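The feature repeat 'WD' is assigned by TrEMBL to 68-101, 111-152. The domain 'Sof1-like protein' feature in TrEMBL is assigned to 147-230. As annotated by TrEMBL, region 'Disordered' applies to 200-235. Among the features that TrEMBL reports, compositional bias 'Basic residues' is placed at 203-214.
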Amino acid sequence: MLGCLSSDRSCTLYDTSMGSAMQKMTMQTRPNAMCWNPMQPMHFTLASEDHDLYTFDMRKLDHSICVHSGHVSAVLSVDYSPTGQQFVSGSYDKTLRIWDIGGRAAQHVYHAKRMQRLFSVCWSMDASYVFSGSDDTNVRIWRSKPNERAAVQLPREKRKREYSEALVERHKHLPEIRRIKNHSHVPHRVMKAALVKETVRGTQKKKEKNRRAHSAPGKVPKVPRKKKQVWNVQE
């Protein structure tokens with residue numbers, strides 16, 4: 001199976017054994033990068049021009065499985081971890097983010113004062129490091145887990161780390177734990193852009209709600225966000 005992206009906002013899937021196209025999906029905005037999940041061969045993720053990432057199942061292209069939001073500018077690159085449980089994205093907003101395959105928000109956000117726009121990201125084969133190539137002509141290496149030590153850990157240290165992770169996982173539903181666990185430090189300009197983006201999105205939702213309330217029943221259908229980005233699918 002081969003995936004191809006085009007400037008006409010389309011993503012085409014080809015069957016290499018038959019040498020012909022199977023499906024063509026056209027989106028509302030242009031996808032910039034694509035990556036297949038190495039552990040789930042039917043799933044792939046698209047990095048889109050509308051600041052979001054979309055995970056699809058090739059058997060049902062009329063809607064995405066999950067929408068990953070957080071970037072405030074076009075997403076230019078995406079790559080999966082060898083484990084298939086996480087993926088990394090690089091964006092025009094000068095941040096690198098690591099996501100869980102089912103998470104709508106990023107787990108970790110990486111940025112540096114001198115790092116410019118990210119055009120390429122790649123995961124190491126041992127799933128321990130992430131590489132990024134940016135517009136400042138530098139290649140940077142990041143740990144996939146920010147709080148993990150590079151040195152060899154003693155059994156006692158390993159048990160302590162595993163216990164702490166299990167404790168956080170057990171109590172992640174509590175508001176205080178969830179706030180600390182999901183908090184990420186981002187540059188001030190990114191935070192301001194995210195607030196503006198959230199305000200615009202809230203205004204659009206309110207406008208659609210008012211249009212639906214003042215229109216005939218069924219005239220203004222409620223389209224889920226997972227379907228809104230897909231414009232057309234051709235078999």
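Cβ atoms are placed via backbone N, Cα and C, with glycine included.
TrEMBL does not curate its annotations; it predicts them automatically.
The predicted model assigns the repeat 'WD' (68-101) a mean pLDDT of 95. Long-range contacts of the repeat 'WD' (68-101) within the same chain: residues 32-40, 43, 45-55, 107-111, 115-123, 125-127, 130, 132-134, 142, 144, 186-187, 190, 193-194, 197, each at least 6 residues beyond the stretch ends and with a Cβ under 8 Å from a Cβ of the stretch.
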